[in-house]
Amino acid sequence: MEHVTTEKRLPQWQLFLLSFKDAYKELQANDPLRMAGATAFFTTFALPAILIIIIQLLRLIFRMQHVGKRLMEQLEGLFGKETTDAITHTLKAFRSIAQNWIIAIGGFVFLLFVATTLFKIIKSSLNELWKVRPTQKKSFGQIMVSRMKGVLVIVFAGILFIIDLVAEAAQAFLGKYIDLYLPALAIYYNSALNYVISVIIVTIWFFLVFYFLPDGRPRWKVGLTGALVTSILFNIGKLVLKVMLTYSSINSIYGASASTVLLLLFMFYSSLIFYFGACFTYAWAARNEQPIHPLSNASKYQLMDAVEK
């Protein structure tokens, strides 16, 4: 995606809007249904592994008790009670398998493998969207480093969960004073602040993934802008999807498997938004003549048919 230098004279707001158009074209050229479908399918199986790793790390590092319960409460706000109950049942089944320390260690290694494989899939998709690829076959050590990046992304997710809990406590504290001194604003306070906190936390998460996971790296301002746009779209769509699912008859159609269908649907939507955000980041970088640079072990490439489209 190349742009002539005359576009530098365009105001930033116009470049911003044009980047949405470019992002849509870029996503369409990369078979988004296949990409989002594969990510959603594997995320559904990797989610229990990721949750178990986050829970165990938070208990081990931060000595947090009842972290699993709080995490499930957060998920219930996303997926609903039935889907969250199904996830909880899966987590309990995993725990019941680990009867001794040998099985527990082996199981944890397996969970790490499953969770990091998901991020390997996401990394490959981002590389495809950003037109970067490794220049040589990776050694065993480089593969392990790549896997460790996935583990670090999971650790960051746990830290962001802690930040969310702290923000939740601060919100409740401030809410008491708003109810007391500004009762007219109290109606809008919780919903507005919840949205702002969610946008900030999800923006940080997307930025970390965009910046550290793929073989290309955007300028930090470009990456932050792309992550913010992705986060806003994600949170808006999450509200719309929640309303749609509330008034749909999906439970009566799919019966006992409705919770799995809901989870897959949410993951599919989230994957589409995430990859659109990645395309927006790529387009925004190109429009501002700050292209995404490949890392030392990678190089850029260009598909001519995609450019012509």
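Numbers here mean position along the shown chain, with the first residue as 1.
Using N, Cα and C of the backbone, Cβ positions are placed for all residues, glycine too.
Sequence-distant neighbours of the transmembrane segment (40-62) (same chain, 6+ residues past either end, Cβ-Cβ under 8 Å): 68, 71, 87, 90-91, 94-95, 108, 110-112, 114-115, 117-118, 121, 151, 154-155, 157-158, 161-162, 260, 263-264, 267-268, 270-271. The transmembrane segment feature in TrEMBL is assigned to 40-62 (among others).
Summarising the annotation, TrEMBL assigns transmembrane segment to 101-122 (among others). Tertiary neighbourhood of the transmembrane segment (101-122): same-chain residues 38-39, 42-43, 45-46, 49-50, 52-53, 56, 94, 146-147, 149-151, 153-154, 209, 213, selected by CB-CB distance under 8 Å and a gap of 6+ residues from either end.
As annotated by TrEMBL, transmembrane segment applies to 151-174 (among others). Outside the transmembrane segment (151-174), and at least 6 residues removed from its termini, the chain residues within Cβ reach (under 8 Å) are 50, 53-54, 57-58, 62, 64, 70-71, 74, 112, 115-116, 119, 190, 193-194, 197, 201, 204-205, 208-209, 212-213.
Residues or ranges marked as transmembrane segment in TrEMBL: 195-214 (among others). For the transmembrane segment (195-214), same-chain residues at least 6 beyond its ends with a Cβ under 8 Å from one of its own Cβ atoms are 119, 122-123, 126-127, 130, 132, 149-150, 152-153, 156-157, 160, 163-164, 167-168, 171, 220, 223-224, 226-228, 230-232, 234-235, 274, 277-278, 281.
Taken from TrEMBL, the feature transmembrane segment applies to 220-241 (among others).
Among the features that TrEMBL reports, transmembrane segment is placed at 261-285 (among others). Counting same-chain residues at least six beyond the ends of the transmembrane segment (261-285), those with a Cβ under 8 angstroms from any Cβ of the stretch are 1, 15-16, 18-20, 22-24, 26-27, 30, 32, 35-37, 39-41, 43-44, 47, 78-80, 82-83, 86-87, 125-126, 129-131, 206, 210, 218-219, 222-223, 225-227, 229-231, 233-234, 237, 241, 245, 250, 254, 291-292.
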